[in-house]
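Enquirer: Residues annotated as disulfide bond in TrEMBL: CYS2-CYS207, CYS45-CYS55, CYS60-CYS67, CYS118-CYS196, CYS123-CYS179, CYS131-CYS147, CYS151-CYS160, CYS161-CYS166.
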Amino acid sequence: MCSDTLWRASNPSIGDLEPDLPRDTFEIFNMDDHYRGSIWFRTKCSTNGSNYFSCETGDCRNGIMECAGINPTYPVTLLNFAVNNPVVSYGVSLVHGQNILVRIQPNGGTLVDGSGPCPMVDCNKELSSVCPLSLIKENKDGQYVGCNSACDVLKDPKYCCNGHGCQPDEISLKYKGLCPLAHTYPGDAKPPFYQCKGADSYAITLCPPL
């Protein structure tokens, strides 16, 4: 479990009116029967003397607690969902870096292609050990708070899948080595964006135990 309070956010919004999640919190939230978007979690959020709300990672830059469908500042770990009831597709993405560790565990269900039960996906290791210095995100005190993607920072086509056939690069391969069940570069299809039907729910664990 995470040691600090986190703040949930989503785009499109799933109604994050009270998204702060203290340690050891259990929360149930619902999605529409037709939804395609991302959920993420913001860290070290606070309100300043001018009543402006901001976060060290995952901030939405609008000064209020609810992101209201605004994309986050990077780096951020994304939980991607595509809901087309009764089929739900899901995945963990490091395409825009990492700020927390996450796990998605379907409760029951089988894969649409009939190959087996709906699998767990996660990224349960910090990228800090392989994150290049140029991609490290630090807070105002110089402390490590996340690792960026090469595309977002360097803007080099070879990292952004522009004209290179969406092949992994040396940085995304390092990320994949630590988190093989997460997508680490644009176009990454290993593992696939799983399509699941019949699951009762999807458990999202933040900072899951090893």
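A Cβ is built for glycine as well, from the same backbone N, Cα and C atoms used for every other residue.
Please go over these features one by one and say how buried each is and what sits next to it.
Expert: A simple way to gauge crowding: the CB of CYS196 (disulfide bond) has 20 other CB atoms within 10 angstroms, across all the protein chains here.
Listed in sequence order, the residues of the same chain lying 6 or more apart from CYS123 (disulfide bond) and placing their CB within less than 8 Å of its CB are THR77, VAL92, LEU94, GLN98, LEU101, VAL102, LEU178, CYS179, LEU181, ALA182.
Summarising the environment of CYS161 (disulfide bond), the number of other Cβ atoms within 10 Å of its Cβ, over all protein chains shown, is 18.
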Enquirer: If we count other C-beta atoms within 10 Å, could you say which of the disulfide-bonded residues CYS55, CYS207 has the fewest?
Expert: CYS207
Enquirer: With an 8 Å cut-off on Cβ-Cβ distance and a minimum sequence separation of at least 6, pull the same-chain contacts of CYS118 (disulfide bond), or say none.
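Expert: Correct list: PRO106, GLY108, GLY109, THR110, LEU111, TYR194, CYS196, ALA199.
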Enquirer: Work out how many Å separate CYS45 (disulfide bond) and CYS67 (disulfide bond) at their Cα atoms, rounded off.
Expert: 13
